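Everything on this sheet refers to the single structure shown next.
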Amino acid sequence: MTTTSLAKAARPGAERAAAGRGPWRYFLRHRAFYIMLAPGLLYFLVFKYLPLTGSFIAFQDFNIFKGFSGSEWVGLKWFRQLFQYPNFGRLIENTLIISLYQIVFAFPLPILLALMLNEVRQMAYKRIVQTVLYLPHFLSWTIVFGLSYMLLSPTNGLFASIFSGMGAEGGILQQSEYFRPIIIISGIWKEMGWNAIIFIAALAGISPSLYEAAKMDGANRWKQFLHISLPGLLPAIMILLLLKIGHILDSGFEQIYQFLTPAAFETGDVLDTYTYRVGILQGQYSITTAIGLFKSVIGFVLLVIANRVSRWTTGEGIY
Amino acid sequence: MRIKRSMGERTFDAVNAILLAICCLAVAIPLLYVVAGSLSSNEAIMHSEVRLWPVGFNLDNYDFVIHNAVFWRSFGVTIMIVVIGTAINMVMTLLTSYPLSKAWLGGRRPIMLFIIFTMIFQAPMVPMYLLIKELHLLDSIWALIIPSALSAFNMLLCITFLRSIPEELFEAARVDGMNEYRILWRIVTPLSMPINVTLMLFYAVGHWNNYLGPLLYVTDRAKQPLQLYLYNLISQFDMDSAGGESVLELSSRLTPQGLQMATIVVATVPVVIIYPFLQKHFIKGALLGSVKE
């Protein structure tokens with residue numbers, strides 16, 4: 001670049017004028033920016049978009065030796081096979097129930113926690129609580145699994161030794177009826193504090209003068225909560241809820257896979273864990289890609305519907 | 001000045017404080033139990049005598065972890081991934097964020113949409129696996145670094161920060177004859193240190209905790225990172241996978257639980273050490289752009 005073009009580039013007015021003279025000259029003038037962007041865009045293209053478009057193998061009888069272009073097209077064969085597969089219903093049911101439990105039990109708690117923290121007047125106490133509750137977010141699922149395993153170990157875990165004789169034989173971790181509660185509770189343990197941050201930020205963004213005015217008018221804490229805090233939180237709540245609904249068929253593979261034992265398949269085998277076992281381990285790529293595609297389509301449709309409903313009822317939406 | 005509060009208000013405050021304390025205890029107890037267990041004697045663990053304080057204090061379990069070559073091999077793999085991965089993450093994040101922090105840049109809107117789209121639609125597991133396979137990255141630590149070279153969310157945080165730097169600074173640099181690459185390196189990078197530290201910690205913890213990547217892409221025992229080693233140690237404990245011969249001589253004195261607990265503690269310590277820095281910075285990061293009027 002010559003000095004004159006640099007001087008021109010320094011003036012925003014000059015840029016707009018240059019843009020008018022054709023996109024190619026504009027591009028050349030600002031090529032440094034586009035060169036900087038190139039690696040990032042290439043990354044997203046290769047590692048985010050390519051796998052998405054790679055989903056077309058759900059319509060192929062994909063064979064690793066024949067490759068993407070050589071494999072035979074089979075239309076909707078895998079989808080038909082999927083819907084006829086007797087265990088598919090169980091996979092869907094487990095996935096949906098775990099997701100619904102997460103929405104009903106795990107989703108409201110961070111909101112409650114943020115509201116409770118908001119009422120604490122001693123700043124030092126508030127900071128201590130926050131420090132303790134944010135920590136588990138930074139521990140891996142493996143660590144959380146390890147901690148749960150130690151606590152719930154049938155032979156000498158903490159729970160077994162405290163509640164000995166309370167039907168802990170065989171170990172809670174290996175029993176299918178306890179699988180879902182364990183997933184939900186360990187999820188709450190790990191993420192409740194962290195998920196509260198966004199609500200704490202939203203509460204901090206509410207102007208204190210609103211509360212003062214409400215107090216003048218004689219509103220007690222409950223009324224203040226109902227008429228000031230809750231409306232202030234509503235946009236954040238709706239956005240997160242919508243995103244969660246869009247991901248209702250992803251119930252957290254990393255966590256569930258680690259906690260899952262064959263004894264708990266009845267209640268805990270979800271679409272993702274099945275995809276991993278059958279797809280990655282057994283090499284049935286096409287049918288498991290069909291599951292992935294099914295998940296994306298359902299997720300997208302649900303997101304659109306939920307967004308409509310949300311805009312219609314609360315006026316909030318993500319687009 | 002203290003404002004007098006009613007009885008009901010004070011009861012509410014007390015109940016609130018107690019409930020929060022219970023939450024803190026619920027988070028702390030599993031951690032304390034595992035630390036206490038790892039420091040307890042073999043007999044105390046076998047007879048379930050451990051609560052939240054070591055019983056029969058000794059360091060045998062740690063002695064095992066310290067001398068466990070398999071553990072340190074995995075630890076080394078993870079350190080390598082954290083260092084190389086985070087360095088690449090930072091370069092990619094700054095390279096992408098700086099141009100996109102220019103509101104006037106042509107094509108910025110479609111590019112942002114292109115990136116944000118990937119936050120909603122995640123790459124499906126099987127095609128992603130096939131891609132890594134096609135790229136011949138299976139069983140290589142690059143499979144854990146390159147596919148997560150850039151996080152769209154962290155990039156958005158960085159862009160938000162960069163937009164707070166006054167444009168005049170860049171203009172002055174351009175007038176002085178600096179090109180955009182030098183501006184990025186000599187002006188943007190040093191000025192954005194607060195957000196860089198935050199993002200570095202985020203990325204580093206992400207690499208440290210990554211379990212899904214190695215589960216999918218790494219089957220070679222010699223290359224398995226710490227989290228995968230830890231999971232195998234806990235879920236399918238056998239002395240062979242735990243550490244081979246070096247363990248056999250110790251195994252008569254130790255219980256699997258003790259070894260597992262000590263390994264969990266050692267694998268957690270690095271995260272706990274950087275946690276205070278992390279906390280100091282992520283509050284800033286998370287609250288970025290939510291300034292009270």
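Positions of Cβ are set from backbone N, Cα and C atoms, glycine also.
Residues or ranges marked as transmembrane segment by TrEMBL: A:32-50 (among others).
As annotated by TrEMBL, domain 'ABC transmembrane type-1' applies to A:92-306.
Sequence annotations record features per position, and here TrEMBL assigns transmembrane segment to A:96-120 (among others).
Remote same-chain partners of the transmembrane segment (A:132-152), defined as residues 6 or more beyond its termini with a Cβ less than 8 Å from a stretch Cβ, comprise 113, 158-160, 171-173, 182, 186, 189-194, 196-197, 254-255, 258-259. What TrEMBL lists as transmembrane segment is A:132-152 (among others).
Residues annotated as transmembrane segment in TrEMBL: A:194-213 (among others).
Per TrEMBL, the feature transmembrane segment maps to A:225-243 (among others).
Long-range contacts of the transmembrane segment (A:285-306) within its own chain (CB-CB distance under 8 A, at least 6 residues past either end) are made by residues 52, 54-55, 57-58, 60-62, 64, 74, 78-79, 81-82, 241-243, 245-250, 271, 274-275, 278-279, 318. Here TrEMBL flags A:285-306 (among others) as transmembrane segment.
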Same-chain residues near the transmembrane segment (A:96-120), Cβ under 8 Å, at least 6 residues beyond its ends: 126, 129-130, 133, 180, 183-184, 187-188, 191-196, 199-200, 202-203, 221, 225, 229, 233, 237, 240-241, 244-245, 247-252, 256, 267-268, 270
Distal contacts, the transmembrane segment (A:225-243) - CB-CB under 8 A, six or more residues away: 103, 107, 111, 114-115, 118, 198-199, 202-203, 205-206, 210-211, 214, 219, 303, 306-307, 310, 314, 316-318
